[in-house]
Amino acid sequence: MSESSSKSSQPLASKQEKDGTEKRGRGRPRKQPPVSPGTALVGSQKEPSEVPTPKRPRGRPKGSKNKGAAKTRKATTAPGRKPRGRPKKLEKEEEEGISQESSEEEQ
C-alpha cells in the first residue's frame with residue numbers, strides 16, 4: 001500500500017514541473033518583461049532623449065455614468081438678471097391657458 005502511494009506522488013510531481021515549463025497555449029500570451037539596455041544591441045537601441053507621448057483614453061471615462069444629479073443646480077435667477085431660454089409655465093398659468101383656449105373657441 002505504501003509503495004503505491006509513493007508511486008502516485010512521483011508522477012504528480014513530474015506533472016507539476018512540466019506545467020511550469022511547458023506552455024499550454026490557451027488565452028492571451030503573457031507580456032514579456034522589458035529587456036535591460038545592457039543586453040540589447042547598440043544598433044537597435046532607441047534614443048534616450050525621445051519621450052513617447054502617453055496614450056489618451058478613448059471614449060467615455062469609467063466613472064462618469066451617474067454624475068448628472070451632482071452637477072445639476074437649481075434654476076434660481078439672481079435679481080437683475082434675465083432668465084435664459086424658454087420661460088417655464090407654472091401650474092396656475094397652465095390651467096388659465098387651458099380655460100382661455102376653451103372660452104375662445106366658444107366665442
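Placed from the backbone N, Cα and C atoms, the Cβ positions cover glycine too.
The feature N-acetylserine is assigned by Swiss-Prot to Ser2, with similarity to another entry given as support.
Marked as N6-acetyllysine by Swiss-Prot on the basis of similarity to another entry: Lys7 (among others).
Swiss-Prot lists Ser8 (among others) with the feature ADP-ribosylserine.
Annotated phosphoserine per Swiss-Prot: Ser9 (among others), in sequence order, evidence recorded as similarity to another entry.
The feature ADP-ribosylserine is assigned by Swiss-Prot to Ser9 (among others), with similarity to another entry given as support.
Marked as SUMO2 cross-link by Swiss-Prot: Lys15.
According to Swiss-Prot, the feature DNA-binding region maps to 21-31 (among others).
Around Arg26 (symmetric dimethylarginine), taking its Cβ as the centre, 6 other Cβ atoms fall within 10 Å, counting all chains. For Arg26, the entry in Swiss-Prot reads symmetric dimethylarginine.
Residues or ranges marked as phosphoserine by Swiss-Prot on the basis of similarity to another entry: Ser36 (among others).
Sequence-distant contacts of Thr53 (phosphothreonine), defined by Cβ-Cβ distance under 8 angstroms and a gap of at least six in the same chain, do not exist. Here Swiss-Prot flags Thr53 (among others) as phosphothreonine.
The DNA-binding region annotation in Swiss-Prot covers 53-63 (among others). Proximity of distant same-chain residues to the DNA-binding region (53-63), defined by a Cβ-Cβ separation under 8 Å and at least 6 residues beyond the stretch ends, is recorded for none.
Residues or ranges marked as region 'Interaction with HIPK2' by Swiss-Prot on the basis of similarity to another entry: 53-77.
What Swiss-Prot records for 55-74 is compositional bias 'Basic residues'.
Residues or ranges marked as omega-N-methylarginine by Swiss-Prot: Arg60 (among others). Around the Cβ of Arg60 (omega-N-methylarginine), the same chain contributes no residue under 8 angstroms that is 6 or more positions distant in sequence. For the recorded site, Arg60 (omega-N-methylarginine), the DSSP three-state label reads coil.
The feature asymmetric dimethylarginine is assigned by Swiss-Prot to Arg60 (among others).
Break the DNA-binding region (78-89) down by DSSP state and the numbers are 0 helix, 0 strand, 12 coil. Annotation source Swiss-Prot lists DNA-binding region at 78-89 (among others).
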